[in-house]
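As structure tokens, the structure follows; a few thoughts come after it.
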Amino acid sequence: MDSKMKEKSEAVLDMSPTSTVGGGVEDIYGEDRATEDQLITPWTFAVSSGYNLLRDPRYNKGLAITENERDVHYLRGLLPPAVIPQELQEKRLMQSLRRYEVPLNKYVALMELEERNKRLFYKLLIDNVEELLPIVYTPTVGEACQKYGSIFKRPQGLYISLKEKGRILEVLKNWPERKIQVIVVTDGERILGLGDLGCQGMGIPVGKLALYTALGGVGPSACLPITIDVGTNNEQLLKDEFYIGLRQKRAIGKKYYDFLDEFMKAVKQNYGEKVLVQYEDFANHNAFELLAKYDTTHLVFNDDIQGTAAVVLAGLVASLKLLGGSLADHTFLFFGAGEAGTGIAELIALAISKKTNAPVEEARKNIWLVDSKGLIVNAQKESLQAHKKPWAHEHEPVNNLLDTIKAIMPAAIIGTSGVGKTFTKEVIEAMASINKRPLIMALSNPTAQSECTAEEAYTWSEGRAVFASGSPFPPVEYNNKLHIPSQANNCYIFPGFGFGLVMAGAIRVHNDMLLAASEALASQVTEEHYGKGMIYPPFGNIRKISAHIAANVAAKGYELGVATRLPQPADLVKYAESCMYTPNYRS
């Protein structure tokens with residue numbers, strides 16, 4: 001990728017590219033230019049042919065293989081005589097998927113498709129993103145992780161366990177692709193709202209990277225899902241005969257951090273300075289520790305902390321068109337003070353600080369947090385975890401959410417607790433009594449953990465709520481008006497954000513890049529969307545949205561001096577589109 005971008009960035013901008021599905025731009029082979037392999041010595045290149053080609057998901061096209069290709073690649077007789085175009089294959093597969101009533105069966109079918117025909121898998125996902133996103137991502141991926149041992153067929157990604165201590169670099173070299181640009185890694189300790197799933201958390205990196213390709217345009221060969229297996233404290237899994245991970249309690253303390261340190265050093269040694277490492281679903285204490293430790297030495301990003309923060313901030317900025325005023329004019333109340341809640345709060349404070357030129361400490365006074373013990377206040381400061389201390393304000397203790405709302409009078413309540421049904425009728429009614437348009441964000445995943453449903457929010461607020469959730473909810477009709485719930489889904493941010501880092505050759509993540517991503521997303525909400533009560537654009541436009549986010553992030557990287565891919569393209573949006581992977585078949 002380096003050579004392509006360094007040597008041909010200006011040439012790409014001069015081309016008149018052909019638009020492709022989802023807003024990407026293809027070369028003459030229907031391949032993305034940004035992730036195309038460099039030229040290599042011919043005799044080191046192995047070409048699949050015959051029976052082996054049909055078993056290679058990178059090259060297999062099934063019945064779309066042409067008559068000429070069947071002759072050239074020794075495929076005569078290995079396929080039925082019909083030649084079917086990719087579009088017809090897609091139509092047939094979607095019909096087949098829609099026959100399944102159980103979402104997990106759809107998930108298994110999609111994973112099997114990826115294992116036999118990658119291009120068709122990504123074309124299916126790109127062209128049907130709104131329908132298939134809940135299958136490859138939340139909420140279905142949560143159930144898939146819970147049952148991963150039972151549905152496991154072929155390994156996807158790398159499993160690095162404590163057995164490999166001292167040999168992690170060797171393990172990384174076992175992966176067949178050499179030019180990795182994005183790694184998504186989990187230790188499985190806090191999968192969505194489902195807790196410790198150990199090694200079975202691999203479904204999260206696999207799903208996230210599928211979305212990096214489908215929504216953000218990063219080539220699938222440049223993506224690497226990794227699960228760090230240090231054991232599990234889930235007794236049910238340890239007793240499960242089908243569990244695929246280490247059968248031991250989790251390593252903690254020095255043993256854990258030494259193992260992660262070896263991993264981070266091996267990644268940098270094997271893949272270089274510009275590989276993005278995205279942390280997923282680490283427990284709160286480890287998530288903050290790892291991000292703080294490596295953000296000055298590696299290109300690291302925590303989607304639970306930073307990605308969630310950026311997407312929620314975008315929703316808040318967009319909602320100002322409906323609420324009125326600026327961020328600094330409103331008070332925000334969080335229900336949940338873990339990595340997601342405090343990460344969002346910090347980015348909101350930073351955004352207020354930038355707009356008002358006030359210190360971040362002053363901006364934090366607009367934001368209050370409630371944890372399991374009630375409102376976080378100064379009186380508790382000594383006993384609080386480090387990430388909660390900045391949010392301890394001067395106030396009398398309040399031990400429940402409803403009384404906190406009456407005392408603080410927030411414009412928005414933001415649920416990141418992972419506890420379902422906590423935004424009760426009384427809570428929503430209290431918000432509606434304070435605000436003409438109360439902003440209700442029930443962000444916990446999966447659906448069962450959502451603080452309330454869209455129907456509850458609209459009904460209990462008499463149709464006045466501006467609603468967003470982490471998991472998808474169907475439209476709601478109230479008083480003859482159709483309300484379309486927004487989904488504050490990290491998928492809006494992380495694919496475009498990561499792609500912008502890769503595109504610019506960034507070597508570090510800066511908070512200003514997160515603000516740039518939020519601004520780009522908020523700018524994609526139109527008057528038509530506002531008219532339906534939406535504060536996020538539809539997912540159908542996600543590739544174009546990702547291109548704008550990537551361009552904004554890359555521009556900020558160049559401005560901050562952390563981008564290494566020079567010269568900077570004149571039109572970053574156009575360049576982002578030209579770099580996106582497209583799944584059309586190659587000849």
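The first residue you see is number 1, and the count goes up from there.
Positions of Cβ are set from backbone N, Cα and C atoms, glycine also.
Keep in mind the model is a prediction, meaning the values are calculated, not measured.
Annotated active site, proton donor per TrEMBL: Tyr137, in sequence order. The Cβ of Tyr137 (active site, proton donor) has 23 other Cβ atoms within 10 Å, all protein chains considered.
According to TrEMBL, the feature active site, proton acceptor maps to Lys208. Cβ neighbours within 10 Å of Lys208 (active site, proton acceptor), excluding its own Cβ and spanning all shown chains: 27.
What TrEMBL records for Arg190, Asn445, Asn489 is (S)-malate binding site. Asn489 ((S)-malate binding site): 26 other CB atoms within 10 A of its CB, across all protein chains.
Non-local neighbourhood of Glu280 (divalent metal cation binding site): Val184, Val185, Thr186, Ile204, Pro205, Lys208, Asn302, Asp303, Asp304, each in the same chain, at least six residues away, with C-beta under 8 Å from its C-beta. Taken from TrEMBL, the feature divalent metal cation binding site covers Glu280, Asp281, Asp304.
According to TrEMBL, the feature compositional bias 'Basic and acidic residues' maps to 1-11.
What TrEMBL lists as domain 'Malic enzyme N-terminal' is 114-295.
The domain 'Malic enzyme NAD-binding' annotation in TrEMBL covers 305-558. Per-residue confidence over the domain 'Malic enzyme NAD-binding' (305-558) averages out at a pLDDT of 95.
Summarising the annotation, TrEMBL assigns region 'Disordered' to 1-27.
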Asp281, Asp304: which of these binding-site residues has the highest Cβ count within 10 Å of its own Cβ?
Asp281
Cα-Cα separation of Asp281 (divalent metal cation binding site) and Asn445 ((S)-malate binding site), in Å?
12
Shell of the divalent metal cation site beyond Glu280, Asp281, Asp304, same chain only (C-beta within 8 angstroms of their C-beta centre):
Thr186, Arg190, Ile191, Ile204, Tyr279, Phe282, Ala287, Asn302, Asp303
